[in-house]
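A short worksheet on the structure shown next.
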């Protein structure tokens with residue numbers, strides 16, 4: 001929840017940049033994330049940066065719970081049956097599966113509602129400027145009423161691909177960096193890294209996910225912003241969005257919003273991993289393994 005409160009304005013700026021069509025109009029200057037944020041604040045007040053926060057707050061807690069629970073479960077499932085060791089490939093596949101699981105269970109409906117709210121350009125300071133979607137609950141009701149329940153899963157394939165690749169890269173990089181730090185610091189008690197080191201490697205690994213799948217995220221945002229079209233499959237719409245972006249806005253359009261996305265995701269992952277490792281250590285020390293003298297092995 002603290003991650004969402006601190007980082008959501010950057011997500012709103014990212015979505016606005018991804019939805020921007022300025023690349024189609026020759027002569028218009030490019031608008032970076034700072035200018036985009038300033039324009040939102042000027043036209044829609046600072047509260048405009050928090051559009052869609054309700055949808056995120058509703059989904060982020062179960063999302064994180066599902067991510068880490070499923071990752072640990074998949075990791076143990078893929079561990080070597082004889083030695084119990086977990087290879088880098090097993091970590092990658094466990095992260096991929098955890099990302100897909102969270103995408104289907106929570107992230108896709110949350111993203112659809114969040115993007116609909118973030119895409120509204122109404123001023124929150126003007127009571128007469130009434131938006132189509134008043135809040136997350138109203139947006140959820142309106143989308144289901146007008147477009148059906150299936151609309152909440154628009155772009156689920158791209159969301160699963162984004163979340164899967166995100167967590168595969170994220171967990172693999174994090175596990176690798178953690179192992180390296182353990183090897184160069186053999187004097188660490190029980191191999192537990194200091195919190196500042198966990199924060200640092202969480203920050204670095206968190207930045208690697210967005211860099212690996214920025215085009216997927218941009219196409220997904222544009223797909224989820226608009227209602228479905230009769231007689232057009234999801235694959236046809238994805239292909240059309242991608243081809244129009246490339247033809248009208250160029251290759252750089254696929255990386256719109258990458259700066260605020262990294263600035264949001266990387267610190268968020270740093271906070272998440274630090275808190276996760278701290279709580280995991282405390283729970284393991286107080287759980288059954290501590291009573292029987294067993295030691296947790298990564």
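Glycine is treated like the rest: Cβ placed from N, Cα and C.
These features come from TrEMBL:
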type: REPEAT; residues: 1-77; note: repeat 'Solcar'
type: REPEAT; residues: 89-180; note: repeat 'Solcar'
type: REPEAT; residues: 193-282; note: repeat 'Solcar'
Average pLDDT across the repeat 'Solcar' (193-282), rounded to a whole number: 88
Secondary structure composition of the repeat 'Solcar' (1-77) [DSSP: H/G/I, E/B, coil]: 63 helix, 0 strand, 14 coil
